[in-house]
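J.: So Swiss-Prot says this about it:
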{"type": "ACT_SITE", "residues": "C6", "note": "active site, cysteine sulfenic acid (-SOH) intermediate"}
{"type": "ACT_SITE", "residues": "D28", "note": "active site, for phospholipase activity"}
{"type": "DOMAIN", "residues": "1-50", "note": "domain 'Thioredoxin'"}
{"type": "MOD_RES", "residues": "T3", "note": "phosphothreonine"}
{"type": "MOD_RES", "residues": "K19", "note": "N6-acetyllysine"}
Amino acid sequence: DFTPVCTTELGRLAPEFAKRVVFIFGPDKKLKLSILYPATTGRNFDEILR
C-alpha cells in the first residue's frame, strides 16, 4: 500500500507499529520466502537473497 489509502480506510495505520515485509516468489509463481521485520531495521536485498 504505497499510498496509505487501504490501511487508513481499514484502520490499520499505526506508525508506532510500522513493519516492513519482503515477499520472494520463484519462477513457478509460488511464495518462497516471507519476512516481516520492524521498520527500524534497514533493508539489504543482497543479504536477503544470499
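Each residue's number is its place along the chain shown, starting with 1.
A Cβ is built for glycine as well, from the same backbone N, Cα and C atoms used for every other residue.
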J.: So if I draw a 10 Å sphere around the Cβ of the residue listed as 'active site, cysteine sulfenic acid (-SOH) intermediate', how many other Cβ atoms end up inside it?
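T.: Excluding its own Cβ, the residue listed as 'active site, cysteine sulfenic acid (-SOH) intermediate' sees 10 Cβ atoms within 10 Å.
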J.: Helix, strand or coil at C6 (active site, cysteine sulfenic acid (-SOH) intermediate), per DSSP?
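T.: Where C6 (active site, cysteine sulfenic acid (-SOH) intermediate) sits, the three-state DSSP reduction gives helix.
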J.: Looking at Cβ-Cβ distances, which residues of the chain lie under 8 angstroms from the residue listed as 'active site, for phospholipase activity' while being 6 or more apart from it?
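T.: Looking at Cβ-Cβ distances below 8 Å from the residue listed as 'active site, for phospholipase activity', excluding near sequence neighbours, one finds none.
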J.: Express the predicted model's confidence over the domain 'Thioredoxin' (1-50) as a mean pLDDT, rounded to an integer.
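T.: Its mean pLDDT is 77.
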J.: Between K19 (N6-acetyllysine) and C6 (active site, cysteine sulfenic acid (-SOH) intermediate), what is the CA-CA distance rounded to a whole number of Å?
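T.: If we compare the Cα positions of K19 (N6-acetyllysine) and C6 (active site, cysteine sulfenic acid (-SOH) intermediate), the gap is 16 Å.
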J.: Return the count of C-beta atoms lying within 10 angstroms of the C-beta of K19 (N6-acetyllysine), excluding that atom itself.
T.: 11
J.: If H, G and I count as helix, E and B as strand, and all else as coil, what does DSSP give for the residue listed as 'N6-acetyllysine'?
T.: strand
